[in-house]
């Protein structure tokens, strides 16, 4: 649910859907505990449960970064040259 | 483990502690303000911090004794269940990304310094604003208490705390000294103190983490050995209950608890007054979003530090009070001088957030209770004085939590605070997106959530205490064990929605909304946005 208050151009655009997916994905992945509550496969001796979640730190960072870049682009295209 | 005082570690610890104290006092001269007596100046550092300082500040108060002591201790005690802190901090950033830029915009447009300011402006309700302020102050106290427990754990392991048998005053003396130092420099320097100290602290913390997560696993024979030993230890039944002590992976029973703790904590985090203070300190709306792309680095650190809980088990550390596990591990594994550095990192890492938290709570009191209800015509100088006094009072409140509650599961302090602060979410986050909620419905929902949350938490017993022994309980209607804070929040929201329908149907007066939709997306440079307070900090812009 990124901000959808600007009324003039269409509120829901494909780009905004992608932003929303980037922001919601970590919730689905992390709250679905049974999908990762297991020991195997281990990674350098660390059970799956632990390294998988730490991997998600990196994944969610990447997703947030993508969301940020897309959001900037969205804002620029919306504002045009209006305000500096 | 009471084998006398560890002199070398203590000396190094004191050295860093003194250095930080001096920096703290000097900080008040750093980028000095023209008008020091103003509350904005003392409490928000002139709101002129750029990306990097904000990054350090946020890191400074989000990753704390919680990270270094409480989370690894929870893992040490029960295994997988304590690791919820990692998904918790993962989920925080998408939430910040979505919510806080709107709060920044509306706050800078209308000069709001606290969440209560915003709620009052949005809903035209002093009562709701008061509820939010009181909740923020109350919820901050156990969170500060957690920091004090962290400092105390370090002092205990260095042997200055005295044993269980010593007089309570001697036993708590180091804690009181640490508390006094914290109080003194926060009092004199405001938010500038923690910002400067955060640099020292984060440097130390990175160093200690790097050493800890490389050196300790190697010394213990690698993660295979560590987890094999931990698995063995967790399988041993607890003599008291006959249940296994914990597990490496949450069982079916624990998964609801795990998910609700993660989600509830994430939702709670950015509503704490101190998180809001840090957010509002940033220079522009964009800085906040940019920060969410770099802050997760701290989460990786948190995950690695959490694994220290397993390493403590593998290293054969045996402590009754789980909070001592990590400091004890450091003392066992590191040479004395580096143990001192590590203890300093933990100690200062607890001090900084405690300072920031108490300032934020003090701002809330001054703006939204003192000025709104007690002395509307207070001068800026009076406001600042009251804020400083209240920041002391909040720390004393935290001290009371430490002295009266069970310290062996310190993570519960933070979770208890979360139960309370979550109840301000419908007004705050709801208000950022919609004006549909009725102000009276929000107050009623808040009251129901607070009541349910507090009563439910009061009713949780643990082996060591009869009340407030934990933060999870069966969720009514679902039958799974879940975080009380989230259950209370859902209850709160249901009440708000139902009553809003009723009140709107009855045409109850909705109050004046002084904000307009465009206020929520305004950024620096837009008309009417107060980007900065006057010069004072003029050297800063562009400098980061």
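For all residues, glycine too, the Cβ spot is worked out from N, Cα and C.
Checked against TrEMBL, the range among B:108-127, B:168-187 recorded as transmembrane segment is B:168-187. TrEMBL assigns the feature transmembrane segment to residues B:386-405, out of the candidate ranges B:366-385, B:386-405. Stretch with the largest number of CB pairs closer than 8 A to the transmembrane segment (B:199-218), among B:6-28, B:256-273, B:411-433, B:440-461: B:6-28. Among the stretches B:256-273, B:294-317, B:386-405, B:440-461, the one making the largest number of Cβ pairs under 8 Å with the transmembrane segment (B:337-365) is B:386-405. Under 8 Å from some Cβ of the transmembrane segment (B:128-148) lie the Cβ atoms of residues 64-66, 70, 114-117, 119-120, 175, 178-179, 272-274, 350-351, 353-354, 357-358, 360-361, 364-365, 367-369, 372-373, 394-395, 397-402, 405, 410-411, 413-414, 416-418, 420-421, 423-424, 427-428, 439, 442-443, 446-447, 450, all in the same chain and six or more residues away from its ends. Residues of the same chain lying 6 or more positions beyond the ends of the transmembrane segment (B:256-273) and with a Cβ under 8 Å from any Cβ of it are 62, 80-81, 84-85, 87-92, 95-96, 99-100, 114-115, 136-137, 139-140, 143, 250, 279, 357, 360-361, 363-364, 414-415, 417-418, 421-422, 424-425, 428-429, 471-472, 475, 478, 480-483, 485-487, 489.
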